[in-house]
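Database features (TrEMBL):
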{"type": "BINDING", "residues": "7, 380", "note": "Mg(2+) binding site"}
{"type": "BINDING", "residues": "14, 205, 206, 207, 208, 209, 279, 280, 281, 327, 328, 329, 330, 331", "note": "ATP binding site"}
{"type": "BINDING", "residues": "88", "note": "substrate binding site"}
{"type": "SITE", "residues": "177", "note": "site 'Transition state stabilizer'"}
{"type": "SITE", "residues": "238", "note": "site 'Transition state stabilizer'"}
Ligand code: ADP
């Protein structure tokens, strides 16, 4: 089966084409609507790349170019020849809790939820509509970041705000990165020869956005992101948990409106806000150059991460594994080391040599560690392709 996976952002489209669950091509359309827009396609078999620097006005033009580069590279005769298209959707809201085939209801719901996911859902919708237009016979499947967290109990997803806000606006914790948390936890269970339905884990997805998830019997029971992807851990440019009262204070002190406050919390905070760098590679370099704010950012990051892992260890009846994944989780050995060292008394014992030399999927705990500690590279696109294949096979 040939499955195309699309991750449509406001000015980009990430795409990956799978044949029988093996990636055969991938690429990126960037800076849509900007004079510097471009598209690049990489053939996974040959490693050859095709690139075009051209004005790409909108998502429709972007998808047209993806099709043209597929044809030019000989990878695909036409978009209509694929068996299905899987779309990554950040927010499914309260009604879209299962990955599903796209229909009018699904389109209307994604649109409705745009009010609480304005940076993501409108772009996802544009991607789906463009695909329907370009290849009308190809079934489209939506895969929601929020779906894995549908099992959160009410006492975990409710905020202690007036109940009306939940009743009227559905303000509650939704959680994100579900595709990744479910993929890496299933993989860890498989490595340990355990059934995912009987497996308890804490997974830490640490990319530009970052979240931790508590998984009991293969199901999400709590997660650090909330109503939006802002809550929880300190991230690249997002503040994560803060005292909510700081925001009205800052609004008054700096005369900022709600949109400006939103930008402070989402774009000017986190690692970047503390030390001026949001890429961990730069932060590690800066620490070596003696930059004390970079040291502070690293210490804050690991301390807060350890607190979340510790709290999830407390609510799980037992923990089989801790999993690190995504750009920082997979590559920044110092983050794994500093975080696990704080958790040693709970039975998380990291093998520093294995941790320093890890490459790809690796068990990095000592044989005596009560909790197995893994690095498991995430593959959200593969997971979306598998889910898409599964759903269209049942059609
Ligand atoms: P996202 O998909 O959320 O954009 P990624 O999962 O690709 O993010 O993670 C991106 C982050 O991973 C970068 O900001 C960088 O800080 C970190 N990262 C990537 N490679 C390394 C590395 N070799 N060492 C340390 N950090 C890394």
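Just so it is clear, glycine is given a Cβ too, placed from its N, Cα and C backbone atoms.
Everything TrEMBL records as a feature, shown here on the structure.
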| residue | record | contacts (Cβ under 8 Å, 6+ apart) |
| --- | --- | --- |
| 7 | Mg(2+) binding site | 13, 14, 15, 87, 88, 381 |
| 177 | site 'Transition state stabilizer' | 145, 205, 209, 211, 213, 223, 225 |
| 206 | ATP binding site | 233, 305, 324, 325, 326, 327, 328, 329, 332, 335 |
| 208 | ATP binding site | 235, 236, 237, 278, 327 |
| 238 | site 'Transition state stabilizer' | 209, 229, 230, 265, 266, 267, 269, 270 |
| 279 | ATP binding site | 236 |
| 330 | ATP binding site | 324, 360, 375, 377, 378 |
| 380 | Mg(2+) binding site | 88, 179, 180, 183 |
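Of all the binding-site residues listed here (14, 88, 281), the one with the fewest other CB atoms within 10 A of its own CB is 281. Only 281 of the recorded positions listed as 14, 238, 281, 330 bring a Cβ under 6 Å of any atom of ligand 1; the order follows the sequence.
Under DSSP, residue 330 (ATP binding site) is assigned to a helix (H, G or I) in the three-state scheme. Across the residues the record lists as binding ATP (14, 205, 206, 207, 208, 209, 279, 280, 281, 327, 328, 329, 330, 331), the two Cα atoms farthest apart are 23 Å from each other.
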